[in-house]
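Novice: Straight from TrEMBL, here's the annotation block:
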type     : residues : note
ACT_SITE : E185     : active site, proton donor
ACT_SITE : E263     : active site, nucleophile
DOMAIN   : 38-353   : domain 'Glycoside hydrolase 35 catalytic'
DOMAIN   : 400-512  : domain 'Beta-galactosidase 1-like first all-beta'
DOMAIN   : 566-595  : domain 'Beta-galactosidase galactose-binding'
SIGNAL   : 1-28     : signal peptide
Amino acid sequence: MAPKKLSCLHSLLLPLLTILLPQADTRSFVVDRDHDRFLLDGDPFRYVSGSLHYFRVPRVLWADRLLKMRWSGLNAIQFYVPWNYHEPQPGVYNFNGSRNLIAFLNEAALANLLVILRPGPYICAEWEMGGLPSWLLRKPEIHLRTSDPDFLAAVDSWFKVLLPKIYPWLYHNGGNIISIQVENEYGSYGACDSSYMRHLAGLFRALLGEKILLFTTDGPEGLQCGSLQGLYTTVDFGPADNMTKIFTLLRKYEPHGPLVNSEYYTGWLDYWGQNHSTRSVSAITKGLENMLELGASVNTYMFHGGTNFGYWNGADKKGRFLPITTSYDYDAPISEAGDPTPKLFALRNVISKFQEVPLGPLPPPSPKMMLGPLTLHLVGHLLAFLDLLCPHGPINSILPMTFEAVKQDHGFMLYRTYLTHTIFEPTPFWVPNNGVHDRAYVMVDGVFQGVLERNMRDKLFLMGKLGSKLDILLENMGRLSFGSNSSDFKGLLEPPILGHTVLTQWMMFPLKIDNLVKWWFPLQLLKRPHPQAPSGPTFYSKTFPIVIANGGGLGSREDTILPPKIWINGFNLGRYWTTRGPQQTLYVPRFLLFPKGALNKITLLELENVPLQPQVQFLDKPILNSTLHGLRIDSLSADTLSASEPMELSGH
């Protein structure tokens, strides 16, 4: 299914080319409205697909995950393209390494999987800002996902780069992409801007041609605003929903053609502070079998979830701000570490009743390594490294500026000012209008005072002398990825107030923590003063070799680690939050660890609970549904796992 590439051939081959080329023209994927089905190359076809996000799985593991999906009986995969992952700055594009979309399409072709592509521009996916780049917010008045000229200009520019890249991979061109979604669950957004949807549809047609099947996806409540004449309408729902009722509603928008559930939920996402979500095997398999008996095409979301490495997790707003965990395990048929689960075998059994599944054994689960505990050494307070974290120096402003205003897309920014008078008694310190986005670590003269948190903690009590240094470390915990028409700016959105005084004269330090961890900490070229006793955000580190007992080697091993905001050999594993849970371990793919004989380096940024000697340990099983109130692990056991809460559909 890889695209056919024509090169300069000897003239003797031209007659052969003349014979072969017309065969590509016979490739087609179309809707047969007369018989309520798809046709693939003229034959009746139904896809049973699974979602996998290449941006949540390191490139070296793509082939493994895709092979397991094909073995499960799937004949297609579905995946998003996150705009912000590929255009980190306006006009700057990255399609290298794990961002190599074309390489992923080729891996899918090698696994004999067709592709249902969802390029957005908005994708949700519980991904940072729903896949939209945060630099769009440098124009504060922009209206996202509407026909706002500023938004459309950026979208047009992006798609004129992306869509020509995928054009050769369209099925009728010899590739494996059979259909492409326009936008994503637009009916759930609330703007209901039909001009915007028509603009996107026209842009897709202009760049991709008339042959490719374009479609929309919405939950039942979003079909009215999300569907558009000329685009095939599909729906999404889970096993607990009324299939008959929803498909009947779908027929009002798409009277003829195959029934399609574009997101059949195998599990659900996790929020910090809530329980790990699960869905029962029996409910999943029963719902899938019922849909396949109707002849419907189905995409299971997710089939393999993966990981929100670095700062890529999104957030929801359901009464309050809810950031999404680093793990995107999703209780999917293939676990976060790539292992088959009982859910996979049960789904394969259902699929085998309706179409052939590949023969042969499934690759076994990868072995896991246990190591440690390792005691980390104190490196120093974050404030001691400001010259390296912000080498160009601070930005000065009378009032505090947002992340977006100073072009800080992710991570952390330090706000600093000085007290203009002495505060003798504990005095309220707060930010009006819930203006902390998202979490603020407050220090006076380097001493940690406490935390302000969006929608959660809105006030501290401070004391200080005239001229005392007030530092506020602001953490961006992920921009809203679903369900809000408002732009999710980060940082201090309002000037803080101490007592009755509005604090002004701020210095903003945009922090490049990943650069510090990756380039300076490993070299340790500069001598720093001996670190003081920790208070507030503090770095720790540890070097260690891989030692395997019984003559074993690292080989194909994959590991999970407990805890924390941690880097392995400079790679940012993601956020930890053991006291809030539910996630207690971070997934460490095997390729991040150097083999036997080389030293590995762990770097930890502990933000508020700063023990003298924190410990981390590699475990052979993940802990995704628990809450710890410290760093000790010896008392943790299976009985600490609590039952999952009922899940509420949100959208993707």
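Note that the numbers count up from 1, one per residue, in the order the chain is shown.
From the backbone N, Cα and C atoms, a Cβ is placed for every residue, glycine too.
Where the annotation comes from TrEMBL, it is an automatic prediction and has not been curated.
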Novice: Between E185 (active site, proton donor) and E263 (active site, nucleophile), how many Å separate their Cα atoms?
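Specialist: Here the two Cα atoms lie 11 Å apart.
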Novice: Any idea what the model's mean pLDDT is for the domain 'Glycoside hydrolase 35 catalytic' (38-353)?
Specialist: 97
Novice: Could you tally the C-beta atoms, other than its own, that fall within 10 angstroms of the C-beta of the residue listed as 'active site, nucleophile'?
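Specialist: The residue listed as 'active site, nucleophile': 25 neighbouring Cβ atoms within 10 Å.
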